[in-house]
Structures are given as C-alpha cells and as structure tokens.
Amino acid sequence: MSASGRTSSAAVPLARRRFLTGVAAGAAALAAGGCARGASTSAQPGTTSISNDNATWDDGYRAAGRELKKITGYTLRPLSNPSVTSYQQVVQMTLQTSKSSDLVKWASGYQLKRLARAGGLTDLTPVWKGYAAKGWVRGTSRESVSYRGKVFGIPLYESYYVLFYSKPVFGKLGLSAPSSWDELLHCAEVLKRNKITPFLASQVGGWPAIEWFQELVSKVDPGFYQQLVAGEASYTDDRARRAMDIWHDFMRKGWMTSPDFDQARGPGALKEGTVGMFLHGTWQASGMSAAGMKPGTDYGAFILPTVRPASQKSVIAESGVFVVPSRASSHEAAMANVGAWLDPAVQRVWSDFLQDSSANPKVRASNPVVASLQRDIARNRRTALVRYWEASPPSLIQGNTNDLGGFMAGQTSPATTLRRMQERAHDEWAAWKRDEA
Amino acid sequence: MAPAVLLVTLFLLAPFVWTVYRSFFSDTRTSPFSWFDNYSLFASDPALSRSIQNTLMWVLGTVALPFVLGLAIACMTNAGRFSRLARLCVVLPYALSGSAVAVVWNFMLTTDGAVNQVLTGLGLDSLAQGWLLTWPGNTVVMILANAWQATGVAVILFLVGLQSIPPETLEAGALDGASGWQQFRHIVLPQLRPVSIIVIGMSLVNGLKSFDLIWVLTQGGPGRATETLAVSMYNETFLELRPGAGAAIAVVLTVIVLAASWLYLRRQLDVKGV
C-alpha cells in the first residue's frame with residue numbers, strides 16, 4: 001500500500017472512531033435526558049405525582065394537594081401531557097414499568113375496564129367501601145369504576161351534559177330556559193329568526209360528535225340508551241332513528257353550527273351572541289369564566305328536555321377517575337392521597353377550582369349555575385346515564401364516533417350511519433365478550 | 001461497516017421485521033395467528049379503500065403541483081429585478097413545519113374562516129362552503145395547501161439546475177433562430193433532467209407518507225374521509241386500538257413507497273448515476 005493509502009486508511013478509522021464517540025455521547029445524553037424525565041415520576045418526599053392530560057387543571061391539583069397535605073402529609077405534583085392520544089399511550093406503557101406515576105387520571109366505564117384488564121392497577125375496593133360508609137360517593141357510580149367486581153378507580157369529578165345559554169341574548173329576545181321540547185323548538189326558531197345559530201355542534205377533535213347523539217337518544221328514551229350502550233339493543237331501532245332524524249332536521253334547518261366549528265370558541269360565541277346554546281359538560285363553566293362571563297348573570301344552563309313529556313327524566317354524567325398503578329413509585333403515599341381525595345375539605349377547594357360539581361355528593365358546587373343543576377337533578381330524580389364515550393368498548397366507541405362525524409358532515413344519511421354503527425357494534429361486542437371469556 | 005450495519009439493523013430492520021410479524025396476528029386480547037386477516041381489511045373496510053384513493057390523489061398532487069409550479073417559478077425568478085424577493089416569498093413556507101402550515105390553513109379553510117369571509121365580502125356567497133367537510137374537495141384543498149409549502153424546495157432545486165446550464169447552449173440556440181419556447185423545450189428542459197428526477201422522486205415519497213398537515217387540519221375526518229395510508233396506520237393502531245391492522249397498513253405502505261421509489265429511480269438513473 002502507498003503511503004497515501006496508509007494515511008487514508010489511518011484517517012478513516014479515526015474519523016469512524018470520532019463518529020462512534022459522537023454517537024455514543026449523543027446516546028448517553030439522550031439516556032440521561034430519559035432518566036431525568038423518568039426521575040420526575042420517581043419518589044419525592046412529601047409528594048405524590050399525578051399524570052394528567054389537562055394542563056389547565058395543574059393549579060387545581062396543587063391547591064387540592066395543599067389540603068391533602070393537611071390530612072395525609074403528601075401534596076400533589078401534576079405531570080401533564082396535554083395530547084389525549086399520546087397521554088393514553090404513555091400511561092399504558094409506563095404502567096408496565098417501575099417509572100409509573102403515583103396517581104393517574106383516567107376515564108371511567110369501559111376505558112377503565114380495558115386498562116384494568118391489562119393488569120397493573122391497585123384494587124381500591126377497601127377505599128371505596130370507606131367512602132361509601134361516609135356517604136362520600138354515589139352508590140350508582142360503582143359499576144362505572146369497577147372491573148369484575150373490584151373497584152379500580154376513585155371518582156375525580158362529576159360533570160353533567162347541559163346546554164349553556166347567554167342570559168342577555170335570551171332576555172333581549174324574550175326567551176327563557178326551556179322546560180319542554182316545544183319550548184326548546186320555540187327558542188331555536190326565535191334565535192334563528194334573529195340570525196343567531198341556535199345550537200353549537202362540532203366534530204373537531206373527534207369525540208364531540210358523540211354529544212348530540214347521546215343527548216338526543218337519551219331524551220327520546222333513557223332506558224333505550226342504557227340498553228343500546230350495553231349492547232342489548234340495536235342501533236337500527238326506531239328510537240335511535242327518531243333521535244337521528246331530529247338531529248338531521250336540526251342541521252337541515254340551519255339550527256346547528258358547521259361541524260368544523262371549534263368548541264374552544266364556544267364561550268366566546270355565546271358571549272358575542274352568534275350562538276344561542278352550547279351543549280357541553282358542566283366542566284365548561286370554568287371556560288365561561290375565562291371568557292369573562294359571570295354565572296347566573298351572563299350565562300345559565302339547563303338540561304335538554306325530553307322529546308315526549310312522559311319520558312323518564314335523565315342526565316348524561318361524566319366522571320373521570322384516579323387509578324393507582326400497583327408499581328407506583330410512592331405507592332403508600334398514593335394510597336393515602338386517594339383515600340383522602342373525597343374528603344369535603346379537599347373537594348371544596350377542587351370543586352371551587354373547576355367550578356363544577358364534586359364527585360362527593362355532600363359537597364355543593366359553589367358555582368350557582370351548577371348548583372342549580374344539581375338541585376334540578378335531585379328534585380326531578382333524573383337518572384344519571386354514563387357518557388357514551390365510556391359506556392361501551394373503546395374500539396366500538398371510536399369507530400362509531402367517526403361515523404357520527406361523517407354524518408355531521410353530510411356524508412351519510414341517518415339510516416346508513418345507524419346501520420354502520422350497528423354492524424360495528426355487532427363485531428366489537430362479540431370481540432369484547434370473546435376477550436372477557 | 002459493522003457499526004453502521006448494526007445501527008441500521010437495530011433501528012430500521014428489526015422494527016420493520018417486528019411490524020411484519022405483528023401484522024399476521026389478530027387484535028383480540030390473546031392475539032392469535034390470523035394469517036392474512038389484517039391484510040383482507042383492504043378489501044372489506046371502506047375507510048381503507050377511501051384511504052388508498054386519497055393516497056393516490058396525494059401522490060398525483062404532490063408530484064405534479066410542486067414540479068410544474070416549482071419549474072415555472074424558478075424560470076420566472078431566475079433573472080429579473082425583483083427575482084430575489086419573489087424567490088424568498090416562495091421559498092419561505094418551506095422553512096415552516098407542516099403543523100404550523102396546517103394551523104395557518106385551518107384559519108383559512110374552516111366554514112367561518114378567512115376564505116369564506118373574503119368570498120362573502122366580495123358578494124360571492126354561493127362559492128362559500130365547508131372546504132374541509134366534503135370529499136373529495138377537502139383532500140384537494142389540503143393537497144393545494146401542501147403544494148404551497150412544498151413548492152419552495154422544488155424552486156431551489158430548479159434554480160440550482162438553471163444556473164448550471166451553460167449560457168453558450170442558449171446563445172447557440174438563439175443564433176440558430178430558436179424561439180423562447182423552443183429554447184426552453186429543447187435546450188433548458190433536457191438539461192434539467194437530473195434535477196427533475198430528484199424533485200419528482202422526493203415529491204413521490206412525500207406524497208405517499210403525507211401525515212402532519214392532514215392530522216392537524218382534519219385528523220383524517222370528518223368520519224375517515226381524508227385519511228391517507230399513513231393516517232390510517234396511526235388511526236388503527238392508536239385510536240381504534242388495533243395494532244395488527246395498523247401493522248398491516250404500515251407494511252403495505254412501506255412496500256408501496258419502496259416499490260414506487262425503486263421503479264421510478266430504476267427507470268430514471270443510468271449506470272453512471274444520472
């Protein structure tokens with residue numbers, strides 16, 4: 001080999017060595033970064049970490065954590081991942097590791113059942129029993145936080161699906177919150193005549209497409225809704241068709257916003273008077289405040305009336321839960337905090353932050369609009385129905401939500417949409433039951 | 001070689017082999033071997049059929065539009081008084097991320113967005129519509145939005161190509177009496193062939209794997225009307241919780257990208273490289 005060749009061959013390994021050193025250094029830096037990230041879920045004295053998919057709630061967790069510390073000695077340390085999709089993936093993966101956070105916010109119902117079925121969650125039945133003995137939980141909620149008879153989630157909050165409306169706009173047009181279906185239709189007609197879109201309906205982000213479906217089906221027949229989501233009734237039933245026809249009719253009349261209307265703009269649209277009524281969870285009350293609207297003065301809320309006066313009254317309820325990974329970094333502290341979460345002193349702070357109803361029925365909401373809704377639910381003995389998102393197997397819900405989004409955009413007729421939903425329900429319930437067996 | 005082979009094997013080949021393996025198992029809890037069941041979804045699931053249609057539209061759109069627009073803009077801005085400024089305006093969107101582009105276009109294209117407001121302001125109410133709501137219009141406007149961004153890189157590449165053309169060849173053509181169009185058709189265009197191959201090849205692959213713009217603008221919706229194969233793969237795996245079906249889509253998409261790239265480059269590149 002020539003001298004130049006030797007030089008060249010000596011230079012190449014040197015360059016390669018440098019390159020490999022660089023790669024190794026980069027990998028080490030990444031690993032260190034990963035460890036640093038993992039360290040945030042590792043045990044820290046006097047705190048319990050909580051994985052959360054809503055960063056705007058962080059201050060609320062910290063405030064509730066200060067109350068918890070007085071009882072248990074541990075505060076709450078929120079770790080937020082605002083993308084719901086990536087949050088779900090991260091939680092499901094970390095549950096299998098030793099880097100799991102101490103508490104995890106999750107959905108109830110079948111979302112929780114699926115997580116519990118995969119293993120890695122602590123049985124919270126004794127905690128539930130303690131709460132039940134004090135009357136701090138609703139007995140009717142137990143099924144939605146259980147899997148195979150064991151409780152795996154402690155209610156984090158309880159929200160109801162209601163129609164928010166602008167009091168000044170209604171007052172100006174001589175309208176009041178409707179208490180019957182005919183009154184609701186009258187409100188919509190008057191609003192439309194005054195160039196105000198009566199109802200906000202959206203499929204932006206996917207899941208909002210379920211809101212009008214669950215609401216209308218349950219207000220046609222709440223018993224049918226319960227059977228439908230339990231896989232005991234067909235989506236092609238006349239009652240489901242009736243609900244979809246009403247929805248279709250509302251859209252045809254121009255009573256609903258375009259499906260690409262972002263719900264985040266809902267409070268602003270109510271305030272401006274461009275939208276008349278906004279169907280959403282009561283947790284939206286904090287969004288109303290953020291838009292500068294005062295409860296009871298600038299906005300009110302009512303539960304959608306039943307289509308027929310004789311129908312059983314109901315309300316769609318949503319309840320998030322806390323779960324405790326069995327490999328939580330500070331398991332003992334997590335159990336202490338989850339055991340004191342529904343204490344009225346903690347819930348007072350938490351409910352005030354959310355401006356929503358507490359999962360503890362003994363804690364009254366301080367927001368007068370939500371408190372009024374709570375009284376309505378109690379007075380009318382409304383049946384609390386599990387929100388559609390949590391009420392059936394997740395794969396079924398996700399597919400049907402897509403179909404409802406297509407329906408809202410005018411891609412499919414009511415009949416076609418329901419037929420597709422039924423076909424999916426048939427397959428997915430069979431798969432769920434097969435897996436359970 | 002060995003470390004490079006190791007890295008490629010570890011980070012590229014092994015995940016791909018695992019993906020192929022996973023695609024042959026069902027998505028039930030016990031995940032039994034299911035032969036080609038996941039692949040049969042392409043025949044039975046209308047959402048996947050629509051996804052393939054959309055992917056083809058994206059490929060056509062992302063190849064044709066950046067090529068034609070990029071070439072036209074490069075030729076027009078190659079010389080001239082305001083050419084640098086014009087070039088900057090066209091190239092600037094390329095520096096933006098796909099997600100940022102999508103946010104801007106979302107502001108434009110929603111039913112109560114800027115485009116419809118302008119149309120209404122001009123008295124053209126009948127043209128105002130839900131641009132992102134109905135198929136195939138929603139896919140077409142997203143392809144146009146993508147072209148707005150992707151044209152920048154095509155312009156850069158064509159400008160490099162144009163500046164490497166020897167001026168003598170054009171002068172010779174002019175002396176022989178060739179018109180402007182004839183010079184472009186018979187002198188410029190043949191000499192831009194190597195650059196054209198790169199532009200089309202890049203656009204082809206970008207079209208097949210388009211994801212970010214669609215995800216931010218519509219998340220594949222309404223329903224699943226605007227999904228491409230890349231979006232369907234994500235949707236099946238992470239939202240519908242069917243990793244087997246998602247793996248099958250990933251395998252099909254990879255095969256299509258590799259086959260298209262190989263067939264195209266094999267035809268275009270000769271032994272010397274170009």
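Think of each number as a place in line: the chain as shown, counted from 1.
Every residue, even glycine, has its Cβ placed from backbone N, Cα and C.
The domain 'ABC transmembrane type-1' feature in TrEMBL is assigned to B:52-264.
As annotated by TrEMBL, transmembrane segment applies to B:56-76 (among others). Long-range Cβ contacts of the transmembrane segment (B:56-76) within its own chain (Cβ-Cβ under 8 Å, at least 6 residues beyond either end) map to 83, 86-87, 90, 136, 139-140, 143-144, 146-147, 150-151, 153-155, 157-159, 161-162, 184, 188, 192, 196, 199-200, 203-204, 206-208, 210, 228, 260.
Per TrEMBL, transmembrane segment is recorded for B:88-108 (among others).
What TrEMBL lists as transmembrane segment is B:140-162 (among others). Here the transmembrane segment (B:140-162) has Cβ contacts under 8 Å with residues 57-58, 61-62, 65-67, 69-71, 73-75, 77-78, 87, 90-96, 98, 101-102, 105, 109, 131-132, 188, 191-192, 194-196, 198-199, 202-203, 206, 210, 213-214, 217-218, 226 of the same chain, all six or more residues outside its ends.
Sequence-remote contacts of a segment are chain residues at least 6 beyond its ends whose Cβ falls under 8 Å from one of its Cβ atoms, and for the transmembrane segment (B:195-217) they are 55, 58-63, 66-67, 70-71, 97-99, 101-103, 105-106, 109, 132, 142, 145-146, 149-150, 153-154, 157-158, 160-161, 226-231, 234, 253, 256-257, 260-261, 264-265, 268-269, 274. Annotated transmembrane segment per TrEMBL: B:195-217 (among others), in sequence order.
According to TrEMBL, the feature transmembrane segment maps to B:245-265 (among others).
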